[in-house]
Amino acid sequence: MPARGMPVPERCRPERRRPLLGRRRREAAEEEVEETPQEKKLRLAKQYLEELRQLEEEWAEEEEELEPADLIGDRLKEDVLEQRGRLQRLVAKDVQPPDPARIRVLRGHQLPVTCLVISPDDRFIFSASKDGSLIKCKWEVDSGKRLCVVPGGKKGTEERHMGHASQVLCMAISSDSKYLATGDRNKLIMIWDAATCKRLHIFRGHRDAVSGLSFRKGTHQLYSASHDRCVKVWDVAENAYVETLFGHQDIITGLDSLSRECCVTAGGRDGTVRLWKIPEESQLIFCGHQGSIDCIQLVNEEHMVSGADDGSLALWGLTKKKPLALARQAHGEQDSQGLQQPYWISAVAALRNSDLLATGSHSGSVKLWKCGEGFRKLEHLLDIPLVGFVNSLKFSAAGDFLVAGTGQEHRLGRWWRIKEAKNSICIIPLKQKTTASSPESPGSS
């Protein structure tokens, strides 16, 4: 260590950084002095606007993140209500009588139309007839265009012939629009590619006419009903038979299902409606009609509607064995050989998860109904003029149109013939009052 008073060697002296730091501070101060008050105000204003812009961007990002979550939450809530059968869109009170001039009539079948379905996206209508033909129509507001026709053939030619060789009585489409299923009097179920109308497979197993078909929603599981009094379950994706359920004492005339692993059937002259629980291989029996029950459809997972040849329309809850509401002689009476007989209910339709129903007969009109007071009342809304036997009715998923399959004869027989009727498909636009949309209400059984 150097002695006191001795000069410090050059290499031991600290670096002289202070003058450099002081010079920078002086330069910054000079720059600050050079900024005028107006320039400072302008700089601060720009800075403030930039902060506001960044804040708005952050808020927008947060809203974008929250919006899908809200939509998903609403959808999940809707799905839960739908599963419980408590989702009810109150649309019936807003439906207006359609303009007859806007009802479109699509011709193409030689014999009465027996069944039809609408694709889940409401773009296509598939129809079938007693002539065995299958027609796919593209629905448009102003025109109906036939996209595909599969003609019927002669009995026994199914293997080498593309289409049915006997009367087609029922059809169904899967919820993903991939498969179309059709059933005929010759005990066959045919599976089609819904996009191309190409036949993919034939299911055999029923011992009599196939009269009802329905895909379980969200799956490729197919339920079929027959005049042989049984219900069969099929896996269409695997081209496989699953099981058979027995119980009806007469021919089954109709079948429907939704997303639960169960289906409902109409039992014709045995006078019963049945709920089939597939996993348990059990059934619930409902009684209420006096005549042959010819048609049935689920309104939601907890309610269904059926029609019979005694003219009655019944509204059911799946937890009650008697109808919640019953409209007798729903389409009035006719003079048959000097006797007053009620018009048969030949078709029913329900706008899913709503309070709107439709019924068809050969009375000269389609009737619209409202399910009131928590599914405990049937209220007649209006009549839509339509000549002929209404053999099939379907609402579009959006509820903006109703499609009717009509003919000169009933789909299951030739008891009467209405010569002035046309074998056709009628597209009926449904107008609603221009009011705020009605809230969804829980229905109760």
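Yeah, the Cβs are placed from backbone N, Cα and C, and that goes for glycine too.
All TrEMBL annotations are machine predictions without curation.
Under the heading compositional bias 'Basic residues', TrEMBL lists 14-26.
The feature region 'Disordered' is assigned by TrEMBL to 1-40.
The repeat 'WD' annotation in TrEMBL covers 106-134 (among others). Regional average pLDDT for the repeat 'WD' (106-134) in the model is 93.
Annotation source TrEMBL lists repeat 'WD' at 161-202 (among others). With a cut-off of 8 Å between Cβ atoms, the residues of this chain six or more beyond the repeat 'WD' (161-202) that come close are 111, 114-121, 124, 126, 128-134, 136, 147-148, 150-155, 208-215, 217-220, 222, 224, 226, 234, 236, 239, 255, 411-412.
Annotated repeat 'WD' per TrEMBL: 203-244 (among others), in sequence order. With a cut-off of 8 Å between Cβ atoms, the residues of this chain six or more beyond the repeat 'WD' (203-244) that come close are 169-175, 178-179, 181-191, 250-261, 263, 265-266, 276, 278, 281, 412.
Taken from TrEMBL, the feature repeat 'WD' applies to 245-286 (among others). If one looks beyond the repeat 'WD' (245-286) by at least 6 residues along the same chain, the residues whose Cβ comes under 8 Å of a Cβ in the stretch are 82-83, 170, 208-209, 211-218, 221, 223-233, 292-298, 300-301, 304, 306, 314, 316, 318, 320-323, 352, 412.
Annotation source TrEMBL lists repeat 'WD' at 286-326 (among others).
Sorting each residue of the repeat 'WD' (286-326) by its DSSP state yields 0 helix, 21 strand, 20 coil.
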